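**Q** For reference, TrEMBL lists these features for the protein:
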REGION    209-248  region 'Disordered'
TRANSMEM  12-28  transmembrane segment
TRANSMEM  58-76  transmembrane segment
TRANSMEM  83-105  transmembrane segment
TRANSMEM  111-131  transmembrane segment
TRANSMEM  143-164  transmembrane segment
TRANSMEM  170-192  transmembrane segment
TRANSMEM  274-297  transmembrane segment
TRANSMEM  309-331  transmembrane segment
TRANSMEM  343-363  transmembrane segment
TRANSMEM  369-392  transmembrane segment
TRANSMEM  399-423  transmembrane segment
TRANSMEM  435-458  transmembrane segment
Amino acid sequence: MDCWKQDRRNTWIFPTLVLCLYGFFYMMKPSEPFLIPYLTGPDKNLTTEEVTNQIFPVWTYSYLALLFPVFLITDYMRYKPILLLQGISFIITYLLLLFAHGVLAMQLVEFFYGLATATEVAYYAYIYSVVSTDHYQRVTSYCRSITLVAATVAALLGQLLVSLADVSYFHLHVITLTSVSLAFVCSFALPMPQKSMFFHRKDVSEPLPAPEKAAPPLGSDRPSSYQEDKGSPPADRAPTPEQQADNAKPRNQVLRVLVQLSKDLRDCYSSRKLLYWSLWWALATAGFNQVLNYIQVLWDFRAPSHSSAVYNGAVEAIATFLSAVTSFIVQYMKINWDLFGELALGIFSALDAGSLLLMHFSTNIWASYAGYLIFKACYMLLITIATFQIAVNLSMERYALMFGFNNFVALVIQTIITVAVVDSKGLKLDIVTQFLIYGSYFAVIAGIFLIRSICILVSSKCK
């Protein structure tokens, strides 16, 4: 019986199933679309200015501070402990949201939410350490799809409970706390990986393939304990100099990995094609995260929740569904991305800019809702294309590294925007003016890539 259980856990099906359950429950947060009405309502009695200028910026700062160390620790500890940490962070976040009061307490909420966000890398990297490369595409599809389904169901459920059953925002947070607690319980069932992408490989110092030549991740599929047992010296034989050197490796392992990562980054960004896709990724993701962070504040300004019906959940459900559809249709788009890719980045970034400017100039809440749907669908379409264009040219290790670094750059840019535009120590602009800045920001991104695309098209015709 024990052997059967071990064999079951070693297949790709069991960890994928458990990870999908984990992903569903940790994304099943029906209270999320109603955070602003909850914080500014009678439950917490915070002002919009306190939420916008003092509380929300803490998420950006903590996410930025934690992302890089968490990225390294996640790989070193082989993912599962970090998934447990993510579950604990979510539980603390929603316990504080339910029972704590005041600006300082809500800033602490944002810190733990930033920690939970930073640890998301473990969710998307875990599966590649426990399944063979033959199943990468399938399990990636499952894990990403289940999070989109969960987000859609959560937003729709939240809207139905608020509109039809008159459930309070407090009880929505109770449901969310229950869901993330179930995710935490699911994470215990995940098998512990025996390898990781950078620290626990067959040979950390072994160079990875060039960006133009994709290759499967390095490292044996056998457990590391098997490799160690096979190569361990007998008890009555003194260790050789080579084995003594191997014993000294852990002390220099972090330095070796950091040196290797810096070399890999240099090689990745030496490709001009990957450089420009990554540039768009970082710039657009910074703006997207900023809009996502403050869109509820704008909605509450256009239609105050204490005097108007709130449809945030329905809008989020539709936006997530449209995002899933646009991401799905990318596989059927037969386009020469080398020639027209940057034109697509420019055109859809211009649509993003237009939708944000619509939110700024229109006082109608339905126009704001429509603008948000367009904005999110366009971004998700482009980020899917960018992800594919980068991933197809890289090994799994380098893709994970580039993914993490692009998001790190995006967070740096977002932090600069937050400090300058939102924070009480910066310009402290009102929410409507902020969306004028965000729309102008995406207009600049569109201009950069439209000019680039024109240059590419002209040079191709000259050839």
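Positions of Cβ are set from backbone N, Cα and C atoms, glycine also.
All annotation found in TrEMBL is predicted automatically rather than curated by experts.
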**Q** Check the transmembrane segment (170-192) against the transmembrane segment (58-76) for contact, please; criterion is three or more CB pairs under 8 Å, pairs 6 or more apart in sequence.
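**A** No, the transmembrane segment (170-192) and the transmembrane segment (58-76) are not in contact.
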**Q** Which of 12-28, 83-105, 343-363, 399-423 has the most Cβ pairs closer than 8 Å to the transmembrane segment (435-458)?
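**A** Per the Cβ count, the answer is 343-363.
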**Q** Report the listed stretch (12-28, 58-76, 369-392) having the maximum count of Cβ pairs within less than 8 Å of the transmembrane segment (111-131).
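**A** Top-ranked stretch among 12-28, 58-76, 369-392: 58-76.
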**Q** Determine which recorded stretch among 12-28, 309-331, 369-392, 399-423 has the most C-beta pairs below 8 angstroms with the transmembrane segment (58-76).
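**A** That would be 399-423.
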**Q** Should the transmembrane segment (143-164) and the transmembrane segment (343-363) be scored as in contact, given a threshold of at least 3 Cβ pairs under 8 Å and pairs 6 or more apart?
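**A** Checked: the transmembrane segment (143-164) vs the transmembrane segment (343-363), no contact.
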**Q** When you look at the transmembrane segment (369-392) alongside the transmembrane segment (343-363), do they share 3+ Cβ pairs under 8 Å, ignoring any pair fewer than 6 residues apart in sequence?
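**A** Contact between the transmembrane segment (369-392) and the transmembrane segment (343-363): present, because at least 3 Cβ pairs are under 8 Å.
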**Q** With pairs restricted to those 6 or more apart in sequence, evaluate whether the transmembrane segment (399-423) and the transmembrane segment (12-28) have 3+ C-beta pairs under 8 Å.
**A** no
